[in-house]
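Features reported for this protein in TrEMBL:
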REGION    1-24  region 'Disordered'
TRANSMEM  51-73  transmembrane segment
TRANSMEM  94-116  transmembrane segment
TRANSMEM  168-187  transmembrane segment
TRANSMEM  199-223  transmembrane segment
TRANSMEM  235-255  transmembrane segment
TRANSMEM  281-303  transmembrane segment
TRANSMEM  324-343  transmembrane segment
TRANSMEM  384-405  transmembrane segment
TRANSMEM  417-441  transmembrane segment
REGION    753-776  region 'Disordered'
Amino acid sequence: YSRQRNRRQSNMETDAAEEQTAEPDLASSVKKKRSYSKLQRFLVTRLGEDWIFLVLLGITMALVSWTMDYASAKSLQAYKWIHGELRGNIPLQYLAWVSYPLMFILFSSLFCHLVSPQAIGSGIPELKTILRGVVLKEYLTLKAFIAKVIGLTAALGSGMPVGKEGPFVHIASICAAVLSRFMSFFSGVYQNPYCYTDILTVGCAVGVGCCFGTPLGGVLFSIEVTSTYFAVRNYWRGYFAATFSAFIFRVLSVFNKDAVTITALFRTNFRMDFPFDLQELPAFAIIGIFCGFLGAFFVYLNRQVVLFMRRPNAMTRFLTKHRLLFPAVVTLIIATLTFPPGFGQFMAGELMPRECINSLFDNFTWTKISGSPPPVGLGRSAAWLHPNVSVFVILVLFFLMKFWMSAVATTMPIPSGAFMPVFILGAAFGRLVGEIMATLFPHGIVFDGILYRIIPGGYAVIGAAALTGAVTHTVSTAVICFELTGQISHILPMMVAVILANMVAQGLQPSLYDSIIQVKKLPYLPELGFGHMSQYNIFVEDIMVRTVKFMSSQSTYREVKLLLDSTSLKSIPLVDSKGKQTDEAPSLLFRLGIIEIRVRQPLTPKEPFGPSFHRKENTGSWKYFLTSKMKITLWESFAFVDEEEEEEEEEEEEEEGEKVGVSFNIFIGIIPLLTFSSGGSPGASRHSVCVTLCLEQKAKSLCNFTSDLFPLSPQTHTLFSLLGLSHAYVTSTGKLVGVVALKELQKAIEGSTRSGVRSSTRRSKNKQTVDVCPEM
């Protein structure tokens with residue numbers, strides 16, 4: 001017994017010693033874990049900051065842009081090398097000249113059709129629609145990114161008159177959207193619906209800035225093209241990301257020995273001491289006015305080609321069935337006409353797009369060297385000189401042929417933009433005017449006893465900026481041009497020409513992107529005509545739909561089930577009571593909110609709909625709960641999210657001991673009209689946005705309008721454009737009287753613009769004071 005007792009004591013002493021030695025080890029391990037977790041939280045927090053996201057976006061897009069340029073440049077080099085190696089054999093030269101671009105165009109069209117049809121076209125019209133708040137499925141996915149990059153690279157490598165700028169803006173926006181989902185692992189800010197529009201805006205700026213290495217003009221151009229209302233808080237983000245991306249893009253060109261140092265993409269060497277004379281300003285103004293007419297005609301021609309291809313007849317049905325036939329025919333015709341030994345020798349057909357720009361911007365005066373031995377350093381500009389044909393004839397033929405070729409080529413089912421083809425057309429027209437001026441003033445212009453010769457290359461730069469500005473209805477093309485050329489000497493006449501071109505073009509045709517929106521019937525509000533506000537004399541009550549489907553607090557399970565089975569609406573207004581029936585519409589007390597419904601399984605009698613609602617006011621917020629087995633979601637006002645974002649399951653809420661029941665097969669979110677505190681959920685769709693335009697506390701000051709004081713324009717247009725609404729409910733003295741959707745508003749504005757429609761349903765004699773409260 002004593003031995004056992006001693007053994008037990010020794011074991012206890014051993015255990016105590018082990019515990020004493022284990023305690024410091026455990027404490028140290030806990031400290032290490034805490035330090036590691038702190039370090040991890042610090043790194044995750046830092047990696048989720050804005051500048052990290054912008055740097056990653058800039059680096060990614062610079063690599064993508066440089067890779068696409070490198071691949072397309074090598075493809076064009078191979079194209080010209082094959083043509084040069086077959087010199088002397090005209091049939092084989094023609095076969096190679098035609099089959100090479102045909103192969104790339106057909107591959108681009110087929111690849112985009114199989115992978116992602118949303119990658120076809122420019123992408124800027126769709127982005128304008130998305131930034132306005134409309135959901136376009138599959139336009140910002142990884143599949144669209146892959147299809148757009150590969151298809152655009154193949155199209156640029158074919159040598160066809162298609163551009164890179166529009167599709168690359170779409171690519172950058174997709175990259176920004178995908179990268180924001182990745183950054184959401186580090187910071188929850190990127191899950192915030194508010195950030196989505198800001199992210200896409202930055203992506204557009206990076207796309208233009210990285211495409212040409214022009215960050216200043218890229219940011220301004222993206223704002224003009226894509227935004228109706230721009231948030232100034234995104235200004236520094238756009239410039240930061242675009243500048244960083246353009247810098248990396250040009251550095252990669254230096255590393256690849258494409259350039260000696262970081263310079264402009266199409267560097268010019270115009271004189272700086274006396275770039276132009278005042279006597280040349282009328283010529284610059286003429287370029288701007290003519291470019292306005294030409295730009296409007298280009299948009300018209302492009303739209304007519306698209307409408308002709310969409311017209312229901314036997315030929316269009318045949319082309320729709322055989323999708324590759326139309327791009328094949330267009331490529332065959334364009335390649336045949338530009339064949340250098342054939343008709344292409346009279347229109348500089350052997351020059352590729354970038355070679356055309358570099359030669360049109362040179363300092364030589366072609367009319368003086370035509371018919372004589374070419375001077376040293378002429379380079380690719382020799383393609384514009386023909387021993388038997390005048391320079392003016394070559395420039396006119398080039399402009400006319402490339403004009404319709406570019407308008408038709410941009411309608412092919414491939415990723416393609418129109419900025420670069422139109423830029424080349426404007427440069428050719430400006431060069432034509434410059435050569436005419438050099439002929440009229442062969443000895444130059446005398447100023448202060450010094451003779452200064454005419455520089456046709458300066459006219460080409462001004463023409464390029466003016467025509468692209470007329471087609472896109474932007475002024476920032478002037479900034480892009482001086483960044484592309486590296487000289488600011490012609491910025492003043494360039495601005496004059498661009499403004500005149502915009503004045504003419506905007507009065508004749510919409511911009512190219514707005515024209516595509518109209519042709520595709522995208523849900524986008526047209527701009528109101530400046531100076532024609534009197535034409536918009538339609539009121540909201542004239543276009544609203546008076547038969548509104550609704551739920552009330554007295555609705556039974558049968559009524560809710562019948563309503564859900566009979567409609568496909570994403571949101572349904574919730575009213576206090578049905579009120580009295582009238583001839584036009586029921587009198588609905590619209591005081592509760594809007595119900596967001598997402599049905600996953602059909603309703604079953606085992607899960608009855610409890611019609612009882614409880615409302616509680618807490619710190620300025622109105623919250624509603626259903627006492628049945630439902631899950632309530634309160635969305636944050638002005639919430640915009642991506643359609644690809646997965647819906648998150650929210651935790652069950654407790655409010656002073658009162659629990660909401662577990663979620664079942666129908667999720668109904670009652671969106672309060674009076675929401676002061678934020679309770680946003682990133683899983684909310686854009687159809688579930690609730691916009692409080694007037695509060696009961698301020699009803700007299702904000703909503704006390706007569707029907708004649710709330711016209712269609714400009715108040716309603718501003719509300720839909722600024723807030724990104726898809727539909728709005730109209731109330732009168734607290735009663736729901738109708739609903740206005742984006743489609744009705746779009747038709748009303750277009751109809752008023754064309755004919756100035758005046759409503760015949762409005763009773764002008766009985767003017768009543770109403771509360772006009774559009775609620776989405």
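The backbone N, Cα and C atoms fix where each Cβ goes, and this holds for glycine too.
Highest Cβ pair count under 8 Å relative to the transmembrane segment (324-343), across stretches 51-73, 94-116, 168-187, 199-223: 94-116. Counted over residue pairs separated by six or more positions, the transmembrane segment (235-255) shares at least 3 Cβ pairs under 8 angstroms with the transmembrane segment (51-73), which defines the two as touching. Proximity of the transmembrane segment (199-223) to the transmembrane segment (94-116) is not established, fewer than 3 Cβ-Cβ distances being under 8 Å for residue pairs spaced 6 or more apart. Listed by sequence, the residues of this chain that lie at least six past the ends of the transmembrane segment (168-187) yet keep a Cβ under 8 A from its Cβ atoms are 44-45, 47-49, 52-53, 56-57, 60-61, 64-65, 68, 119, 122-124, 126-127, 139-142, 144-145, 148-149, 152, 195-196, 199-200, 202-204, 206-208, 210-211, 222, 225-226, 417, 642, 644-645.
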